[in-house]
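These come from TrEMBL:
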TRANSMEM  40-63  transmembrane segment
TRANSMEM  84-109  transmembrane segment
TRANSMEM  129-151  transmembrane segment
TRANSMEM  163-185  transmembrane segment
TRANSMEM  205-226  transmembrane segment
TRANSMEM  247-270  transmembrane segment
TRANSMEM  325-344  transmembrane segment
TRANSMEM  365-385  transmembrane segment
TRANSMEM  400-419  transmembrane segment
TRANSMEM  439-462  transmembrane segment
TRANSMEM  468-487  transmembrane segment
Amino acid sequence: MNKNTIGKISLMSLVLIIFSSIYGFSNAQNAYFQMGYASIIWYILTAVLFFAPSSLMFAEYGASFKDTHGGVFSWLRGSIGEKPAFIGSFIWLAAWVVWLVSSTQFFLVSVSTMISGTDKTQTWHLFGLGANETLGILEIIFLFIVTLIASRGINIISRIASICGTFIIGIAVLFVVFSLIIWLMQGGHLAEPLTATALIKSPNSSFTSPIAVISFIVYALFAYGGMETSAGLIDFVKKPEKTFPRAVIIATVMMTIFYIITIFACGVTANWHRLLGKSSVNLANVEYVLIENMGIVFGDKLGFSHAGALLMGKIFAQYTAFTDVFGGLGAAFVMTYSPIKSFIEGCDPRLLPKKLTKLNDVQMPANAMWMQAVLVSAIILFISFGGDTAGKLYTVLTDMMNVSSSAPYLFLIGAFPFFKMKKTIDRPFVFYKSMTTTWIVSIIVWLVVAIGILFTCIEPVLEHDYSTAFWTAFGPVFFGFVAWAFYSIAEKRGYTSSSVDTQI
């Protein structure tokens, strides 16, 4: 099938795809759990100092490289050369592969909560297998179904991601609307008082030291991370030189506003110490704790009996899980395809086996997608059936992913001034007009990411958790070394990058 015959993605569809891939409704609840109202300032700072400027950089990259098919890889290759592009893109891809491992499990937790109102996955059993083994089998089935459907074309991915993006926006709007209604019914009273101190000091004892607070930047980066993955879709977008940057800007503004309002809305019904200060509340369930509590409070305000208010809370939690299921679907479809597509199509075909670079009849790198699915499935199987040792591996992988998912931004942002200095590149969209502005903004944004990464690595050391500190720092170093070794071996075998790398 010729690419020109494949349906093109419109502006609003692209906005919804970006939104469903990046915006996490639970990120706002997690922020409130970790930092209370104080997280608002950090989310604003991260939006102003990282998300907005970097998104506009990515918009310039995307518009200028609209005729290339390698996304992030092509951006870096056209700016700083192929070898550093290969290393940076490999670190980025490795982080998303590990993300697929954890996201499949969270998807099943959402399914369980949607059905029963609470997480019952540890009671699931198939064919006499234990709960962990059963979950592993179901995660692999889910991943294979997603890969099968996604490999059939961008039209399917676009439709599913757009629908899922609508559901994600819907639950965020409902949470805010119901919280504001309750706020008015309470005469403007907040369960968690909004004071000047609350805006700068976390109620969570784990986030009181300066280093822990600064390390929260990385959590905020996670909440805004992933914009660059949408670059893999740019060759399927209508009028990409105009549509892509517009979609980036619209999605940036929408997400920042949604995060700020949602964090504030958490404090309408949830007093931090009374509700979240319990040992039973953690990052895995805080979203449902807050939603269920809001439903109970709303039921009380409407005059329901205690049992009726509890039922209202359960219904709210189940509906939230329902939207999380759709959000997980949208993200899974995009992330199963976009990162691997960017890497495969950005690489010189001589660097990789021919089977991996082959596109199917709907222009999808199906072989590479299936190889990715097999790799992720192998990790899931080992974790599910490997006992305690495997559980430790999962912890190690998670620690490695924490910084690995942020480290590629150092490449993308650091390469931007060199991209701007290229005289042969066509620039349909230009936001940063002068090199002085480009250098100042690039340095500031680069330092924000670097400081967040540095303090994330230091914080476990101060807590004497040396294992986590080691694996957190080791992740990007390990993935980068693997990529460097792979490329160096190819060079020893006579491979040389083509001149096109500097002429994109």
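Every residue, even glycine, has its Cβ placed from backbone N, Cα and C.
Predicted, not measured: the structure shown is a model, and the values here were computed from it.
Spatially, the transmembrane segment (40-63) is adjacent to the transmembrane segment (205-226); three or more Cβ-Cβ distances between them are under 8 Å for residues at least 6 apart in sequence. The stretch in closest packing with the transmembrane segment (365-385), judged by the count of Cβ pairs under 8 Å and taken from 84-109, 163-185, 205-226, 439-462, is 84-109.
Between the transmembrane segment (400-419) and the transmembrane segment (163-185) there are fewer than 3 Cβ pairs closer than 8 Å, counting only pairs 6 or more residues apart in sequence, which means the two stretches are not in contact. Highest Cβ contact count with the transmembrane segment (84-109) among the listed stretches 163-185, 205-226, 325-344, 439-462 falls to 325-344 (criterion: pairs under 8 Å). Looking at 163-185, 325-344, 439-462, 468-487, the range that has the most CB pairs within less than 8 A of the transmembrane segment (205-226) turns out to be 439-462. For the transmembrane segment (439-462), the residues of the chain that approach it from at least six positions outside its boundaries are 46, 49-50, 53-54, 57, 209, 211-212, 214-215, 217-218, 220-221, 402-403, 406-407, 409-410, 413-414, 416-417, 432, 468-469, 472-473, judged by C-beta separation under 8 angstroms.
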